[in-house]
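Structure, as structure tokens:
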């Protein structure tokens, strides 16, 4: 019998030695800049939802996801082996972060940048860290204090601590406790947000290149394969085959015939591409100006990396549907789940929030139909390859040379792997026969959905920024996590400055999620709406617009006062001989409002 794994790995070098940070080099991603924008009423391919429906679902789930991932101890701490694993595929100094050659700089040399804004410092983990104790030490410590307060006195350790278990052959990711090199550390996800770190260049390209090679599929070429009479264990065989192909085929220049017709292969591709798009969105949204030290969304970054590539945004929507379906499928399994063994109050609050989330996602009768996959006789053999390839993507995260990047890379790959495990290995009508769900898997799954949700909201805000004129303010659908205090939420708005960035109108750390609907924008009509519903909706538009105009008139005195203060400040700077700041306001005729979906 021929090795199915080796059949896959012949596709590894079809991309050639491409720039992995850019998806354009792959034939699948090749496009022109006049590609039609996404129609919000169109269906997200390979799912059961339209783009507009996904946005509506995200409107409902966004705030709840942020509350779960930011305000509960269970989901805001993650255990992983971050420092004790070596890259299994190569050893290269290019993978180290902090090298000027592999960092993104806004000026010629990082020596001119303050130390705290350099790539080397941005990549370091922040906040407290606790090592995972061994089994013998666990027995000696109190049940409610297994980490001895190393994460802080206010952290419910029974919500964070994970007891050791064994690997299951149905896992789609390499468990973080695999091997004897170490049991990992507990780190705060709130203190280490996913954002720009300056990690780029040859090291980052090499990792993404290898990830996309794992994603290559081609039509079978059995004549080129040798017999494999003694099959090895799936995971080990996959690693060995991948390393072998990396060594033997690195000089291949000719292309290989791709087969993108199979649903299973297409799903694998879209998961990887959507993950890359989500990460890119966060980097553009929470971008550091290394000259001023300010964190702001970078509109030019978004235009170049996402707006001009609608297929990437499409894959982002696809990932939302796939992962949200997995979370909804766990609704019954999580009903009796214990989040905090020694803190009943936190356990109850966490369970209530998660139940609301799964109920919200389960309201949609069908988000993604996983039953269509691996049903064709010719595709059944792909399932094990599918699993092994995703495990290799998991292992590739150990090759990332930036601590924060490796943290979020490992977490999100684990999250997608958990989603695939739930979709293809779980029966939502049963509990006892399903594979075990580790704490790290559940934390990774929910946080990954939170990251995708944040990305979709950020994409909508970026498109809104492209609509408004310079000097205008607009409500945001997602905010850069420049501060992560757990204080009360506060609305934030952005001011577009005419350049490649736009700035926060206030300096609040937290914000409420806004749907970005202006009062005169009508909501999308549902199929179940009656004539009375239409009348109510029309009346709501008229009333909301009236209130909006009235508030605008009432705000005139405050606006005039603020303009006076701004002009006085400019006059004062001129009198002192200081640089006069540019005028941040202007008078112009109101333009015609453009619907958000016309830009998508």
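Heads up, the Cβ atoms here are built off N, Cα and C, so glycines get one too.
TrEMBL annotations:
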type: ACT_SITE; residues: 402; note: active site, nucleophile
type: ACT_SITE; residues: 405; note: active site
type: BINDING; residues: 195, 197, 208, 273, 276, 305; note: FAD binding site
type: DISULFID; residues: 97-102; note: disulfide bond
type: DISULFID; residues: 402-405; note: disulfide bond
Integer Å distance between the CA atoms belonging to residue 405 (active site) and residue 197 (FAD binding site): 8
Packing count at residue 273 (FAD binding site) (other Cβ atoms within 10 Å of its Cβ): 24
Active-site residues compared (402, 405) - highest count of Cβ atoms within 10 Å: 402
Nearest-integer angstrom distance between the alpha carbons (Cα) of residue 273 (FAD binding site) and residue 402 (active site, nucleophile): 21
Residue 195 (FAD binding site) CB neighbourhood, other CB atoms within 10 A: 19
From binding-site residues 195, 208, 276, the one whose Cα lies nearest the residue listed as 'active site': 195
C-alpha spacing of residue 208 (FAD binding site) relative to residue 402 (active site, nucleophile), in angstrom: 14
For FAD: widest Cα to Cα gap among 195, 197, 208, 273, 276, 305 in Å: 21
Other CB atoms, at most 10 A from the CB of residue 197 (FAD binding site): 22
DSSP three-state assignment (helix, strand or coil) for residue 195 (FAD binding site): coil
